[in-house]
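J.: As listed in TrEMBL for this protein:
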ACT_SITE  K43  active site, proton acceptor
ACT_SITE  Y261  active site, proton acceptor
BINDING   R141, M314  substrate binding site
DOMAIN    240-371  domain 'Alanine racemase C-terminal'
MOD_RES   K43  N6-(pyridoxal phosphate)lysine
Amino acid sequence: MTDSSVPLAEAGGRLLIDLQAISDNYAQLAARVAPAACAAVLKGDAYGTGLEPAATALWNAGARSFFVALLAEAKRLRDLLPQAEVFVLNGLFAGTEQVYDQYDLRPVLCSQDDVARWQDYCAGIGRPLPAALHVDTGMNRLGLSATEAIHLAEGRDEFRFPLALVMSHLACADEPDHPLTARQLEDFRAVAALFPGVRASLANSAGALGDKSLHFDMVRPGIALYGGRSRRDTPPLRPVVRLELRIVQVREVHEGETIGYGAAQTARRPSRIAVLAAGYADGIFRLAGASDGQPGAEVVIAGRRCPLAGRVSMDLMTVDVTDLPEEAVRPGDFATLIGEGIGVDELAGHARTIGYEVLTALGRRFHRRWV
Ligand SMILES: *Cc1c(COP(=O)(O)O)cnc(C)c1O
């Protein structure tokens, strides 16, 4: 599948998204957590890989429950997958109740106010519509407190809608043996026990790849499906994204001259510099650039790793190709920034961030192909 909005001949780079790898990663996780169900998180345009293609691949691989952050994403998903169970994580925004109803979507209720408004809506239309409940166990981001959950459970007979899921979110599962994970697990066990017969879900990717005790009835992986690292102690599953950037020019730089903005890097020898047609406007972080004191990210050209030289600019970046044979680097060739052994997490490390941010930042100016 190709997004023809940017023809390859006009694009500064091409982004190849391996849908088979997404399916394989799903199958691997689903097998690992069985008999727990494996849902899929599709927020952030499926972590930059494209909501529709990723959702189709995941549905075909057997996923039936999906999580997105926002209602707009959920509506797109519903148009694509009429049978899917779709949860919206960011809470029930006032005035959107009717949209959930119309599209058969499940709000993840995150506060007492959310619960009250859903109750009122269901009472008003005289139909009990299922919703999920998010209970906070130590993340301190979204969710009712444990005390609020207890109050709610005690008055449960008054519920005018069925609970489809009770969930919480792990803050530190990427760090094996972080003490907060054990505390959250214990608290979530107590929360889940308040709602017997309701499916329970705690684990993100790191939890799904962690101990079985974290799996409950359903796991909610995101990053692991898209080939990013989720735990310090576990290598990522199959890589999904490959990014190749167009070489627009190769130039000679004399020893002692500087390269790019801020004259941040000085040529220590007569050098050849390849100029690539992508930069921070495409989501390639400026922090991944190089300076005299600090090497930056690398790209692969003609099978060899080459270091960035100088800063990443808005639409361009520069690479030292002095060590490659002259005929190996020509304008019109492509340099691989993600792929050929360079993972999203390696690139993220050079930009002092995480694979999640690299994937979701990848811009819309690339030629995109789903294979
Ligand atoms: C993003 C998110 C997930 C998925 O997290 P990963 O670390 O990408 O697996 C699961 N649950 C909630 C509530 C989330 O916000």
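Cβ atoms are placed via backbone N, Cα and C, with glycine included.
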J.: Could you tell me how many residues in the domain 'Alanine racemase C-terminal' (240-371) are helical, how many are strand and how many are coil under DSSP?
T.: 26 helix, 49 strand, 57 coil
J.: Mean pLDDT, the domain 'Alanine racemase C-terminal' (240-371)?
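T.: Here the predicted model's pLDDT, averaged over the domain 'Alanine racemase C-terminal' (240-371), is 97.
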J.: Does DSSP give K43 (active site, proton acceptor) helix, strand or coil?
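T.: The residue in question, K43 (active site, proton acceptor), is helix (DSSP, three-state).
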J.: Taking the Cβ of each of the recorded positions and counting other Cβ atoms inside 10 Å, which one has the highest number: K43, R141, Y261, M314?
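T.: Going through K43, R141, Y261, M314 one by one, the largest Cβ count within 10 Å is at K43.
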J.: In whole Å, note down how far the CA of R141 (substrate binding site) lies from the CA of K43 (active site, proton acceptor).
T.: 17
